[in-house]
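Sequence annotations record features per position, and here TrEMBL assigns domain 'tRNA-guanine(15) transglycosylase-like' to A:41-395. Per TrEMBL, active site, proton acceptor is recorded for A:D120. Taken from TrEMBL, the feature substrate binding site applies to A:D120, A:S121, A:G122, A:G123, A:F124, A:D174, A:Q217, A:G244. The feature region 'RNA binding' is assigned by TrEMBL to A:275-281, A:299-303. Positions annotated as active site, nucleophile by TrEMBL: A:D294. For A:C332, A:C334, A:C337, A:H362, the entry in TrEMBL reads Zn(2+) binding site.
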Amino acid sequence: MAASTERETDMGSVNAGVSARRAVSSAPPLALRILAECPVSKARACDLTLPHCTVNTPVFMPVGTQGTMKGITSDQLEDLGCQICLGNTYHLGMRPGPEIMEKAKGLHNFMNWKNNLLTDSGGFQMVSLVALSEVTEEGVRFQSPYDGKEILLSPEQSIAIQNSLGSDIMMQLDDVVSSTITGPRVEEAMKRSIRWLDRCIAANKNPDRQNLFAIIQGGLNAELRKACLEEMTKREVPGFAIGGLSGGEAKDDFWKMVTLSTDYLPRAKPRYLMGVGYAVELVVCVALGCDMFDCVFPTRTARFGSALVPWGSLQLKKKQFAKDFQPIDPDCHCPTCKRHSRAYIHALFKCDTAAMHHVTIHNIAYQLSLMRAVRASILEARFPEFVRTFMRRMYPSRETYPNWAVEALATVNITLD
Amino acid sequence: MRLELYRVLQQCRRGVLLDLGLSGEHSLELPGCLLYTRCGTVPHLTYHTLCTLKHLPAVTQITLDSLAEHQEVLEEFQEGVRRFAGLKDTLIFCSLHDSAAPNHTGYTTNKTVSVWGSGGRIELTVAQYMALQKAIRPNWYQSMADGETRQLNPTRKRVCKAVDRTLSHLDECLSLHLKTEELRGAEIFGVVEGADVLEERVRSARETAKRPVGGFVLDGFHTEAMSQELRSQLIMAVIKELPENKPRVLLGVGHPDEVLACVEDGIDLFEGFFPFQVTERGCALSFSYTLDPNPESTERNGREFEEIPEHRESETLGHQQKKTPFEINLKDRRYQDDFCPLVVGCGCYCCKNHQRAYLHHLLMTNELLAGVLLMVHNLEHYCGFFCSLRGALESGRLDALKKKVLQGRV
């Protein structure tokens, strides 16, 4: 059904992408075709052609940390219209490890995923998950939580693992510092990230089929961000990520760094805002000019029984849903909403993992269809109106709109009523 | 409901149950197994993953263990568990206990039985039992029974009491059944108890057969309860007392070798919990059951066998049931770089799309997809076995099938 039409459009865009490569400068194996730009804000709708298929942006990329999407089969994920998802280099590098990955001929094959994959560098997990880690110029040194062995993750090592994973987009190893710290460590990390970018570019064995994205750092300091942007945009990389955000910093600081970054990033290359996934953040950051997003939130929260809906979320494990025989969202067309009620999922949560799968499917469907609706509104030049409608549905009243979102949208000329 | 027998060899029956369901639109081939569910869901599976299976049983089994706590909800819903669980096109058989769940003893009284849901024990009188059935609206359900003799090593007196109680529960159920509009068209299956006491088994069967039941449930024959030799002896004695034209469901027995023996003893239907237990211990069913003479499948069967003797019995499995000789343990290190499907030649979604190394990885990382893919494979394999069993009965090759299935045993 939808899947076959999807594929036909993909084929169409692949050809379109090839010609676009000549028109819009970009390094293979990636082509970005800008289809529409919002005349009011910085929002844009593009076709991003990658080795496995064309991705319609703005796009939310679900996170399949260990080579699987949390109980959802690759067919189910494809049926939801997912064109790109994430794998985590740190986890996959540990288990099953690059050797098995080489034997499996890459992560696509290993997990039987036909569309695109993006892998992170492993740096973020190292710093956030591993207590015993130490960053030096060489790389990140840490102790394996599985066998206690000391391991060095250098930029070269990270790229080597990502080369064995065969992802369509690889991320450079960056020096990750908490977004809430200040002082010289932020500058050191930013400068080191630039040096590591160069080492990553040099280490990429497959530049013909694996894209390497740079990650803009600089914490919450505008000057450092600008310096990083200036240096990194001099490099021939196929795309950029905005990193070091979404780590518990104040929302006011967050959006200012995002909009600053998109101001300096080249128009012709994709912009990936790392770690963002709440609906309102997605909509605002699209307005600020970002194309790609990822977050574990929609799938993680699903496993706790939280279903995302246009007016917020439903905590399905709560007793109030025990006799609620409506679907999660009566207007949703996902396989879960077509077949099951809130009451049934509530009951199922008491005895089987399939309850989680139902909500995971719904939440991914919600994120993807939100982004499809965003894209359609950009293509039809009605994005500002879309944002207003979205906000009205999401919040009970004008007074409850988050201030940062109102302000951020105002800077790109979207006023909320 | 009408039972048609194509072929009967001594006790062993190959047949079909026709005119099932309210409008008679369903049929069920015998011998067969039921589709195992918890709260109306095949463990780990969504509708999409369930639909990848080719030989799905026509009858879905649900248990009061997982449903009793939802009685109020089902009563308010009013349309029965089939619609509540989004099952739609299937028949529902409701039994008392989940054979894959731990079993509790010491709670049965003269007037009540107990079931265990997520919130603990729920005690049911016959009236409550029947109110639950009314809310669930199954097509078939077993009558309330005292099956507590299964683990106590009971005295003869206790066994006798269980048989008496079960018969008296059945009479009460039957009388309430007739008064319940919602259960019109549904069938009660009478439960044969009697533990390992031959005379009590015979009495239970004989008395139950006198009642207007749709079929028979044989309880207390669990794998752990007795040897197959004793089980066969008792089953044969029971079956002599049962009419030919009604189906016989055996509870608690699922290993392929036991299934084959019990089919020979005259059993028609089995529960489907075994593939689930195999899944929960991270294993994949891999025993051979294909009798197809075409060379391709002979070759694939040959491969399966070579692998089976390699199994080390020292494998430690984190699940209460021990691994059987019919499965491979995918947590074993040797599968970490094994890029074969779980079973070469298997047509299930898992085997067509994934490899042992991936399943090993999913199990080692405790990923939810492991349960999904293993359940798909194990269910397909198990249902395929029943398909092959029916084929073997038709062509008179049950002995060849037995040989094939038992060949892989360590």
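Note: Cβ is positioned from N, Cα and C throughout, glycine not excepted.
TrEMBL: automatically predicted annotations, no manual curation.
Remember, it's a predicted structure, so these values are computed and weren't measured experimentally.
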Confidence summary (mean pLDDT) of the domain 'tRNA-guanine(15) transglycosylase-like' (A:41-395):
96
Tell me, by DSSP, whether the residue listed as 'active site, nucleophile' is helix, strand or coil?
strand
What does DSSP say about A:F124 (substrate binding site): helix, strand or coil?
helix
For the substrate site made of A:D120, A:S121, A:G122, A:G123, A:F124, A:D174, A:Q217, A:G244, how many Å separate the two farthest Cα atoms?
16
Who are the chain neighbours of the region 'RNA binding' (A:299-303) in space, where the CB to CB distance is under 8 Å and they lie at least 6 residues beyond its ends?
62-63, 69-70, 313, 356, 359-360, 362-364
So of A:G122, A:G123, A:G244, which of the binding-site residues has the fewest other Cβ atoms within 10 Å around its own Cβ?
A:G122
Within 8 Å of the Cβ centroid of the substrate site residues A:D120, A:S121, A:G122, A:G123, A:F124, A:D174, A:Q217, A:G244, which other residues of the same chain have their Cβ?
A:M171, A:Q172, A:L173, A:D175, A:V176, A:I215, A:G243
Using Cα coordinates, what distance in whole Å links the residue listed as 'active site, proton acceptor' and A:C332 (Zn(2+) binding site)?
31
Using DSSP, what is the helix/strand/coil residue split across the region 'RNA binding' (A:299-303)?
5 helix, 0 strand, 0 coil
As a test of the contact definition, list every same-chain residue at least 6 positions from A:D174 (substrate binding site) whose Cβ is closer than 8 Å to its Cβ.
A:S121, A:G123, A:A189, A:S193, A:W196, A:L197, A:I215, A:Q217, A:G243, A:G244
Restricting to the chain of the residue listed as 'active site, nucleophile' and a gap of 6 or more, list residues whose Cβ falls under 8 Å of its Cβ, or answer none.
A:F60, A:M61, A:P62, A:V63, A:L86, A:L118, A:Y272, A:M274, A:G275, A:V276, A:G277
